[in-house]
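Colleague: Attaching a single structure in structure tokens format; questions to follow.
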């Protein structure tokens, strides 16, 4: 098999196999071929991983942030040196086109290691509080053993986005990738240990929906960070609440992308396409509700249709390919069902709407699809599809579109295209979302916080803000004089 790892799990600095676990077959989404066969973690494997993390963490926490940072920066360098190899593995794992993975996946993970490796002393600083003769100070201390649970759309990136802040803050991590994309995180663990990370600090175990509760409910776990769906988030939050664990969650979205009539139309069309079709639409922050002001709707749709129909669908390993397959057959069937629902509920099909005929019949392909004349009540305008399906809605004025944009249980992200920057700032101030773009979309460099509100989660990935979620504040009061007691 072309991508078979040495073993299913990476624990305490080495590969570990346990064939008693349920078999997980990794399939190449472009062909359905089995490229690796792994095993889900048994309870014994979960215990082994958490025990390794718990044992290694105190000594790691005692190191200086600068020393920890040097290791992360070495890992970043190794990832960049092996970008092609890692990108090809990511394409095999996810089906995303190599033209995307080579610029957006391992490189983003390397950026996270470099960023957190370089900012640790400043990001973990406390404060001094003068209190007259006395004073107090605060310091940030690690939480202990952290669990990361990844999604299948950006497996390598997510492993790094969670691992980097956890490690630099002095924690140990047990990371569980999605069973759909089990391969990339193992390579990240390899690279971290090659860079000098002590054993036991970054462990990877495979698993399915039965494995997560073993991690979340474990008494030695201090914090859980999840990237996933809203239903999964609710289950994890409920389980973690029983032992008052720290929790951060980056969940789903149904984000609005608003195009006003003074916007640069080609840029707005490009933003809408990036916000719906990148990674075959499998991006949580996608602006899948595209609100277009009525005066430009016809021209917007004309340009959008032409550019969408010109996209190249095909072999993800071909650098010319722009649209690859969905991650799995089940996800393809889900997306196709939503497309049929859009047709049945009366939306106007502008482009796509079916299965492309120029690709392997065994692959999990869906055409990039655009619907117009979508209303707020339609299923495709309310529910997260997680595929290349764009809904175009029209609007008259600013107040109307803000009200409609906010009428969603989700609040992950949103965007505004307009030449009027005063209006742009006014609109984003009123949008109920955690991450917003003006005249851009879906750009998420590690220097800025990323996360949502409402049902889209809480907490932030990346930036110095992430360190607050992997540490806690300790306050120390220092008395400088005699203690006066009233008795």
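Even glycines carry a Cβ here, placed using N, Cα and C.
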Colleague: Which candidate from 47, 384, 398 does Swiss-Prot annotate alongside 150, 151, 152, 176, 177, 178, 179, 229, 230, 231, 232, 252, 284 at the NAD(+) binding site?
Modeller: 384
Colleague: I'd like the Cβ neighbour count for residue 244 (K(+) 2 binding site), meaning other Cβ atoms within 10 Å of its Cβ, all protein chains included.
Modeller: 8
Colleague: Can you name the recorded positions among 150, 162, 177, 179, 232, 457 whose CA is within 10 A of the CA of residue 26 (K(+) 1 binding site)?
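Modeller: Neighbours among recorded positions, in sequence order: 179.
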Colleague: Around residue 230 (NAD(+) binding site), how many other C-beta atoms are within 10 angstroms of its C-beta?
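Modeller: Result for residue 230 (NAD(+) binding site): 18 neighbouring Cβ atoms inside 10 Å.
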Colleague: Which residues does residue 454 (K(+) 2 binding site) neighbour through Cβ under 8 Å, counting only same-chain ones at least six apart?
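Modeller: The answer is 408, 409, 410, 411, 432.
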Colleague: With every protein chain in view, how many other Cβ atoms are within 10 Å of the Cβ of residue 250 (active site, proton acceptor)?
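Modeller: Residue 250 (active site, proton acceptor) is surrounded by 28 other Cβ atoms within 10 Å.
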Colleague: When you measure from the Cβ of residue 461 (active site, charge relay system), how many other Cβ atoms are you left with inside 10 Å?
Modeller: 26
Colleague: If you count Cβ atoms within 10 Å of the Cβ of residue 162 (active site, charge relay system), leaving out that atom itself, what do you get?
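Modeller: I count 28 other Cβ atoms within 10 Å of it.
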